[in-house]
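A.B. asks: Have a look at this one.
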Protein chains: 2
Amino acid sequence: RLGEMSEPEKKDNIPDEAAGTGKEKGIPNGGNPSKTKEVSDFDLAAIYVSDAQYNRNIHFDTSAQAVRLYLLYNHWLPKVLLYFFILVDLSLAIFEDPAVVPLPTWATMLVELLCLLVFTIRLVHYAKVIPRDKFWKDPKNICIIAILLTLIDMIIYGALKATDYYAVRWSRVLRPLLLVNVTEGRQLRRAFRSIRNALPEIFYVFLLFMFSVLIFSLMALKLLGKRGLKTTDGSPYFTDYLEIVFDLYVLVTTANSPDVMMPAYNSSFLFTLFFILYIFINTYIFMSAFLAVVFNNYKKYLKEEVRQLVRAKRHKMVRAFAVLQESREEGRGPVVTHANWNQVVRLVQPSISNPHRELLWNVCDDKNQGFIGKLAFVQLADLLNIEVITLKSRPHPLQSLCPAFYLSGPSRLLCRLVQHRGFVIVYDLIILVNAVFIGLDEENPMIANSEWVFLALYLFRNTLLGQQRQSVFLNTSSCPVVAGGYTSRQILDIVFILRVLRLIRVVDSIGRFRTIINTLIRIGPAILTFGQLILVIYYVFAMVGMELFKGKNNFNNIASSFILLVELTVVNQCSGFATVTHMSARIFFVLFHILVVIVIINIFVSFVLEAFYVEYSVDKGDLQTALERKIEELELAVAQEKLEDNLVNAMETSDNDLGTGQSPTANKPALMFKIASKRYRTVDAFLQRMFEADLDPEDFAENNDPEAQASGSFANPTFNSM
Amino acid sequence: RLGEMSEPEKKDNIPDEAAGTGKEKGIPNGGNPSKTKEVSDFDLAAIYVSDAQYNRNIHFDTSAQAVRLYLLYNHWLPKVLLYFFILVDLSLAIFEDPAVVPLPTWATMLVELLCLLVFTIRLVHYAKVIPRDKFWKDPKNICIIAILLTLIDMIIYGALKATDYYAVRWSRVLRPLLLVNVTEGRQLRRAFRSIRNALPEIFYVFLLFMFSVLIFSLMALKLLGKRGLKTTDGSPYFTDYLEIVFDLYVLVTTANSPDVMMPAYNSSFLFTLFFILYIFINTYIFMSAFLAVVFNNYKKYLKEEVRQLVRAKRHKMVRAFAVLQESREEGRGPVVTHANWNQVVRLVQPSISNPHRELLWNVCDDKNQGFIGKLAFVQLADLLNIEVITLKSRPHPLQSLCPAFYLSGPSRLLCRLVQHRGFVIVYDLIILVNAVFIGLDEENPMIANSEWVFLALYLFRNTLLGQQRQSVFLNTSSCPVVAGGYTSRQILDIVFILRVLRLIRVVDSIGRFRTIINTLIRIGPAILTFGQLILVIYYVFAMVGMELFKGKNNFNNIASSFILLVELTVVNQCSGFATVTHMSARIFFVLFHILVVIVIINIFVSFVLEAFYVEYSVDKGDLQTALERKIEELELAVAQEKLEDNLVNAMETSDNDLGTGQSPTANKPALMFKIASKRYRTVDAFLQRMFEADLDPEDFAENNDPEAQASGSFANPTFNSM
């Protein structure tokens, strides 16, 4: 057990941020552990824990000033400002030529300068936080180059425009780089890395695929070129080799499927076999091969990344422990006291409620010793990532107003009735009937008035349950119809959509569907990452496309460019676009297809495949189980049937009030906890769980070994002696 | 070790064929092992081994007569006849109304009767082979019902036609059932089983998916229905709920993608977001979810099936061992002698060469004892499935004709030159140049004549290597161009295709691509299974489609029906088909889409994914390694660089002659072996290998434990006492 702790620290492949910081900073209080902790110590420890919790890998300076700057750097306000200015910078394309809303060049240039200034300030801030030599080695500082290039381009462009020359704002393609490389774009950078890693394998399959396309094109040329066939518009059919290659490439996307083979089909029935064979090999086999290669690579590299992430996280926690530790008698390892622990947790997560914090302490300090060892401390970052719902036990309004009536026989019967499963089912049916009514013609007065009935039914239910906020969502969606009258089409549209969403509640209440829905929800954060990725690529392609094809085609402004690119992604509709038979349009189309359809969509599908696999096969994490056990031990658990962990509850209210009154006789504690086990706060936490089963067990060995934890007997972390 | 052997036998989930037969047959010679074996014993043992090798799960009677009938049943001639008549039966659709080639009704009916007779004979034969009570429980005998129903239908149809009533040959949809249920359609039945197993999960995802489509349709109705928008042909846009549902369903297939959203897009730019969101959720997320669910289920159930297959195989081998075994002195397990083993192997695989058989014996009898124990015997079925290439060491023709010249200095230099890597590369380049020439205009006399040069170069190479048959393929592909003159377009077409295929040789010689190509080749047999599956489903849909839509649409005959269905599969081109706005056409389209695109294509993709995963991650099987080690031990191995295990070698010649003369000094044995490690003889062997890594280790424990094998110390198989 003693050896296990220090083993991973000796490894060479520790992420260099983690290894680096350990070396250069003098660990405060490492030598004199009995000294009272200072405020800056807690700040430092809190930063380590917070970095571990959110998997930030910034190796900041540990001087008191740098720590304060780093706290500011991680504050939400500068982050939001940064994202705002990135958004402004990106949306400048709306106002630049070819513009959706034309603005004078000086206006957009001025705004862009402002954006660049903000980015520079952020970068300077970052440079102050981390050690100087680290800063210059950081690959993220490609941003500096992007900013400089943009400045140069702006000067050139301004000068050329002033002298009425033709000028191209080529630096606009660099803008998404900022989105990728600001330090918050971690998920996005990871996605790019996993694309880069998969590229060599994809490349080899792609070469084979192109070889197959070329061979088939050659066959098509020999089989069909000499027959003097004509296409529907009278031009010769399949006589030019490069034309055939392009046509067959597009056939892989099935965009020109029936048209391209029609002349051959009209000539002889048997040629269809050629095209069917082609589609089968190149569309089905090769496209599956692409998916397979991407899937394998994605899994392999992501697993390695997550492993490093876990290792880095533990390093940070060990460092935080070193800051907070106090030594005990000879021969026993250092510990962290309850008070210090409390202070750090409060700093890390100011919003955490006292009971929730105490619960976490109870999980860590399993033996009620008043202090915890290193192993127990290390798991704090993961514990903080487990979302715990705190439920305030609040009496039914009627119970406080008129307790005699509330506790009477009929009232109790009513309570039991309301608690019954049938009650839920009845209301689900009511929602379904309501949905049918929504679908019917609303001009009909009978149906329009029926909405009143449904509203009354929902209000009745809420009164019975004593819920006030829980169904705000449901009610607002009904109210405007009744109150506002048919004034504005737009408001009504939104209201209708909200009313329809009510139906999701019904589906989510069916257990069979919940696994699937939960998986889909889990994929949520990752979808945002992929959304950014797509945005970056669309932006670059839109910029290039607008320069190449503006005026000729659908690339008339940024909005229509984006819509065209969506079309290309979804339907591969190169028709109407590739009618610009110019070579550049074709190359543009093929490049876009390769990048988006072959690479990115396949990575997305891989992610979904893996997520479903995890949902179907992996059990709950050990730490979650421990937390749940502790909650049950302390008798703070919420009975499962009282609050179902379903989608709509999460949608409707941010902090759940338990509609008590359901069990007026039971003597429940005032606060109850529940783990929102299926939800993850961060993408990293989800990723970590995705690969948990495959991860090197030693990466977790320390965190989960209660025996070693209890005895508190491990050596000092090796980085102390480094 | 003792316990391990009998453990799997006790399990309850042993396939009942295997368990059943053990019970009912009195195991011959089990009690009196010293008796000389009779011919029928060897027949029986050979059948068991052969059944194990090809994973046939027929529990035949063990009486001498039934064994002889069973041998006939497995003979290739009746099998080929059966397949021929199935093909005839299926292709009757070409001649039946609506016909491609019309034939009178009595003619097709007569042929169908003949087919039914053949099927009945085959069934009777099957009934004679297996025990009576087993026959009636066999689910495959749904064939009998199919035959009876067909007969009834034919009588009704004939009677109605004779009295000039309208009649439908509804039993034609039953025809593919025969293809599925003849005993040889094992792979196909397995594919159907895996579809059936995946169905419940797919169903739940499908319900959610339909729910999402319905919700979006409702939103579309509310958002767009009241705006008075018109489609391009002037009809009202998005006003009818069911119309919207169908349109949005088709949008998932992206078949009507730009058209369906155009009116909304023209009305307001923002509605595009609605459609993009819809496509994103329903096309990308849900289609990925379908793939994920199918993939997980496929893996899970196939793994279970293969596990049972392996267990059944071992049971058969144990039974064969029981037939052949001879007891030794007290306390040591029974064995099989070399002579008996030889006789059985010869019966199982008459085509096996003596050296190959001796090699296998050497692998089994590792210690040269002259007999083998049960463990060593059991692995025979797997050994027979490993394809071993026997290479005859044949001297260069020149060496025998004129040895003095052949062994002279310049000749030796030439030999070394030819052996050099550069020589191969030069010839690869020549083939590439040839390919470019093929692509160029062949009317040009210079280019037409250049083919002579290439032919001469190929012949020169073959002379140098002393190969005669190896390049027959290459030469024939060039010859007709030269000899036959431009007589027939058809012949030329084929020749050109063959010449183009020559290029594959070049690609296959590059190591990077070989992994991918090997995986693609491995998938080959499975593709045949999926091809049959698709054929069955197309046939049923074509039959139904022709009855429903004949004359109205593209379902005019079986050929055009098939082409339409291919179109539906590939492009989801319901346009031109679904213009039959009749409800039945839509239901037909949706059903077809669900079955083929959602279920079958996803299963196919799952298979490809798994195959690539295996190729990238799983190593060679243990048994193959043992065989390879033995070959090397016996110094019979072929040096890797002498014969590369590539595609074209396999394509060009069935039994490889090693072009010696390359090393005239070396004293090589006259026969050499090489494992065609990347190829599998049967689909089952491939499947077994696919899941080998995941299989319960105890399924293999017996086969691979050399220690237990050497000591020969295990208990009699438990079924002896059952």
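Cβ atoms here come from the backbone N, Cα and C positions, even for glycine.
What you are looking at is a predicted structure, and each value in this text was computed from that prediction instead of being measured.
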A.B. asks: Looking at A:161-180, A:401-420, A:481-500, A:561-580, I want to know which stretch TrEMBL calls transmembrane segment.
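C.D. replies: Among A:161-180, A:401-420, A:481-500, A:561-580, the range TrEMBL annotates as transmembrane segment is A:561-580.
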A.B. asks: Grab the pLDDT values for the domain 'Ion transport' (A:486-616) and give me their mean, rounded.
C.D. replies: 76
A.B. asks: Count the Cβ pairs between the transmembrane segment (A:237-257) and the transmembrane segment (A:520-541) that lie under 8 angstroms and are 6 or more residues apart in sequence, then report whether there are at least 3.
C.D. replies: no
A.B. asks: Within the same chain, where does the transmembrane segment (A:269-295) have neighbours whose Cβ lies under 8 angstroms from its own Cβ atoms, ignoring anything closer than 6 residues to its ends? I mean 6 or more beyond.
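C.D. replies: Same-chain contacts beyond the ends: 198, 201-202, 205-206, 208-209, 212-213, 216, 219-220, 223-224, 248, 251-252, 254, 257, 260-261, 598-599, 602-603, 605-606, 609-610.
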A.B. asks: Which residues of the chain, 6 or more past the ends of the transmembrane segment (A:202-225), have a CB below 8 A from one of its CBs?
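C.D. replies: 237-239, 241, 244-245, 248-249, 252, 263-264, 267, 271, 274, 278, 281-282, 286, 289-290, 293-294, 297, 594, 598-599.
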